[in-house]
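Report on one structure; see the data block that follows.
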Amino acid sequence: MLKQRTIKSLVKTVGIGLHSGRKVTLTLRPAPADTGIVFTRVDLPEAVEIPAAAGAIGDTRLASVLQKDGARVSTVEHLMSACAGLGIDNLYVDVDAEEIPIMDGSAASFVFLLQSAGIEQQNAAKRFIRVKKAVEVREGDKLARLEPFFGFKLSFTIDFRHPAVDKTGQNFEIDFADTSYVREIARARTFGFAHEVEALREMGLARGGSLDNAIVLDEHRMLNNEELRYGDEFVRHKILDAIGDLYVVGHPLIGAYVAHKSGHGLNNQLLRALLADQEAYEVVTFDRMEDAPVAFLPQVQPAFA
């Protein structure tokens, strides 16, 4: 039986909120089978628990934001992406601010934290959402689509007309049957443009953004002294984001994701469209390992890590 997973022990870290610029303490705790991933604002007079769910995503302008009863937890996508990559089904996530810390702008720090805590199997079948028919959402020239596929693969095309991005490639495809999330996706950093950062700061946002946690571009080049971690790091980060955005559906997806210029908002619309059509998906488990997609077999790699 392909089983659910959580972490073995509590682990915590401190980082900076990308938009608030404030210090955030993040604590990850083991959770029982069938809990899902539950975020808790422990800094509020009465702690508010917000389970990760497609319907709980509110604001998506600059990040994926979970909302409930007036409480928010922002920028959840990188941590959710790491959980997906390592096959974590159940986890308590405690934060003392309204943002998950940005760390280095990728999912690598969260992968390290989760691996440091240890990952253990639980005595319950891992549930998957299998895409049964194609679902597509569009917004202008932007597109996001899920298609039936026995595994998990993603194809993403970006369209940033910028010399530094043009040089690295605007399209990337990955099939986790034969590719490692930790090696090929987790280290890809978020990126932004210097003129946009200035405008965001005037709005009280991006106060924690720096060359330490993002790739920053001016009109012509990259401002960071550090080299790119991947030749096509920009589009790989978009895939990292998409994996995290899709994982708020509550279970790993068995299907293929195709996107053109998609973002957090369109990704969430795609999940809602999928869930709204009961003929488009089914929840499945695998009693026999040999019946499961290779991408999710633990003897190959944890989840698709």
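Positions of Cβ are set from backbone N, Cα and C atoms, glycine also.
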Listed in Swiss-Prot for the Zn(2+) site shared with H237, D241, one of H78, H162: H78
Distance, H264 (active site, proton donor) to H237 (Zn(2+) binding site) (CA atoms, angstrom): 12
Among H78, H237, H264, which are recorded positions, the residue with the most C-beta atoms within 10 angstroms of its C-beta: H78
Close in space, distant in sequence - D241 (Zn(2+) binding site), Cβ under 8 Å, 6 or more apart: E77, H78, S81, T190, G263, H264, N267
